[in-house]
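J.: Here's a structure for you.
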Amino acid sequence: MVYTLKTSSPETVEFVLIIQNKISKIIGTNLTGIYLHGSLSMGGFNPNSSDVDILVVTKKTLPVEIKRKLAKLFLHYSASPFPIEVSFVNEVQMKDWQHPCPFDFHYSEFWRKRFENDLAQGSSQFLNEEVNRDEDLAAHITILNNRGICLCGKPVKEVFPIIPSADYLSSIMGDFEDCLENIEENPVYCILNIMRVYWYLKEGVISSKYEAGSWGTSSLPAEFAFTVEKAAECYGGDKSAHTFEKQELFLLKSFISNKVRSLLNHRENS
């Protein structure tokens, strides 16, 4: 089963509220708003496998001591039980849109060991004043503008810019290429992600992975629809419910890749 924030368990709602309150306490009067995007806002949240995706906007950039407090917070709560992926941006970065978008702080489980080492050693290799950029933010903000949830603070429309479609496409195409390459290693994630890109290019729909799987199941030719249906069922329930043959993955990958290339060429020439 997959859920939205409204239909999810009391445990999930409580987890989100705790994180919201902890962030608010650390940021204080510098906070503009806290926003939910991704599967939990779009109705594709699987409590056994999904991240809680959060975007935080502040009035001014974050000092290093606040970044260290945030790192401690997310190291404590992330993956207990739900992994957190969160980015902090400030109002200037949102008003003066650039792609890839600069950000002040980011946490996901990928960064756990790095932040643990910085905090344990008192070092600043990763927790420092540097402003980095993330091309994924174009996709996150586009989803937020269309399907996001304001947990607290200013309304979404007052805070976030409208992302140019070229920037959104650039953002999702990087993941698309990775998924074509890694579909055998991670078939469920990769199948559903390439379907999201195909659906967006074909019909302009911004979807969750689960929604893209449902669409692909009903829209693709039968020989490909069954593979997508298996991926959607694995994502929505038991990861081990189905297995995927190398040949079926190759055929689906080739079919979707060709369709996407054709749609991209049409965009460029129109």
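Heads up, the Cβ atoms here are built off N, Cα and C, so glycines get one too.
Please treat TrEMBL annotations as automatic predictions, because they have not gone through curation.
As annotated by TrEMBL, domain 'Polymerase nucleotidyl transferase' applies to 26-91. Per TrEMBL, the feature domain 'Adenylyltransferase AadA C-terminal' maps to 158-244.
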J.: Under the DSSP assignment, what numbers of helix, strand and coil residues are found in the domain 'Polymerase nucleotidyl transferase' (26-91)?
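T.: So the counts come to 24 helix, 22 strand, 20 coil.
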J.: Mean pLDDT, the domain 'Adenylyltransferase AadA C-terminal' (158-244)?
T.: 96
